[in-house]
Amino acid sequence: MASLGVSEMLGTPLNFRAVSRSSAPLASSPSTFKTVALFSKKKPAPAKSKAVSETSDELAKWYGPDRRIFLPDGLLDRSEIPEYLNGEVAGDYGYDPFGLGKKPENFAKYQAFELIHARWAMLGAAGFIIPEALNKYGANCGPEAVWFKTGALLLDGNTLNYFGKNIPINLVLAVVAEVVLLGGAEYYRITNGLDFEDKLHPGGPFDPLGLAKDPEQGALLKVKEIKNGRLAMFAMLGFFIQAYVTGEGPVENLAKHLSDPFGNNLLTVIAGTAERAPTL
């Protein structure tokens, strides 16, 4: 019988096959060692276990008792984190100052609220930026394609204009379409029309690229989704405040700031020394 030994030299796995005395060794040696695939192009077997280990290490950063929390360990003792925040849910940093998630039913409810708002915020942030950027740099997306001014066109009895094409949608049709399409989809989700085990992360037809087929990768994607969603919610709040204060969209605000960082920033707007004085 042959036994297999593994060694490493300069980071390259080396496989040696030891031949026992009963397998007719050479006369010059009682046993023979044969180097197998020293310079083989085939990936070594431990590579898969290494990838699994890296994924497990990454999961440990975001789930479980040793996950990252909202303050460093030196500033927050983990014993101060509420027991119901045990790291089983994506995005759990141990932060619930108002105790909103003490009751399990409330925890599930607020988790759903946050995730749905996060998804809408990510779509909304893209919808605020992309049309205005396209319009500013060459495309014809309407008179200004600024998010709050586009909606005002419908209030004035106008129709929408995208890439130079008029879309015959007035205010009534826009409201009806929103209520029917969005409200219908939300009702279908609440009543579990497709009978999914996880209403918040259904997968299946809602994951056409199969990004979350691997459970561990799916868990990491949940973390990325909620982190980006929270950032998008703050971005939307910033867009609202910018529009109220400056009367401009986020792309125009950014362009003016980049063209003159010291003349167009938060301090100059508050002080009223910028060209666009605040309307507060």
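Including glycine, each Cβ sits where the backbone N, Cα and C put it.
Straight from Swiss-Prot, the features:
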- PHE70: chlorophyll b 1 binding site (BINDING)
- TYR95, GLU114, ARG230: chlorophyll a 1 binding site (BINDING)
- HIS117: chlorophyll a 2 binding site (BINDING)
- ARG119, ILE167: chlorophyll b 2 binding site (BINDING)
- GLU186: chlorophyll b 3 binding site (BINDING)
- ARG189: chlorophyll b 4 binding site (BINDING)
- LYS224, GLN242: chlorophyll a 5 binding site (BINDING)
- GLU225: chlorophyll a 3 binding site (BINDING)
- ASN228: chlorophyll a 4 binding site (BINDING)
- HIS257: chlorophyll a 6 binding site (BINDING)
- 1-48: transit peptide (TRANSIT)
- 110-130: transmembrane segment (TRANSMEM)
- 167-187: transmembrane segment (TRANSMEM)
- 231-251: transmembrane segment (TRANSMEM)
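Feature annotations (Swiss-Prot) mapped to structure.
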residue : record                       : Cβ within 10 Å
TYR95   : chlorophyll a 1 binding site : 13
GLU114  : chlorophyll a 1 binding site : 16
HIS117  : chlorophyll a 2 binding site : 16
ARG119  : chlorophyll b 2 binding site : 16
GLU186  : chlorophyll b 3 binding site : 11
ARG189  : chlorophyll b 4 binding site : 16
GLU225  : chlorophyll a 3 binding site : 18
ASN228  : chlorophyll a 4 binding site : 16
GLN242  : chlorophyll a 5 binding site : 18
HIS257  : chlorophyll a 6 binding site : 17
If one measures from the C-alpha of ARG230 (chlorophyll a 1 binding site) to the C-alpha of HIS117 (chlorophyll a 2 binding site), what distance in angstrom results, rounded to a whole number? 9
Three-state secondary structure, which DSSP defines for PHE70 (chlorophyll b 1 binding site): coil
In the chain carrying ILE167 (chlorophyll b 2 binding site), residues 6 or more apart in sequence that have Cβ under 8 angstroms from it: THR159, LEU160, ASN161
Check the DSSP secondary structure of ILE167 (chlorophyll b 2 binding site), expressed as helix, strand or coil. strand
Other than TYR95, GLU114, ARG230 themselves, what residues in this chain have Cβ atoms within 8 Å of the centroid of the chlorophyll a 1 site's Cβ atoms? GLY91, TYR93, ILE226
Please work out which residue of LYS224, ARG230 has the most C-beta neighbours within 10 angstroms of its C-beta, and give that one of the binding-site residues. ARG230
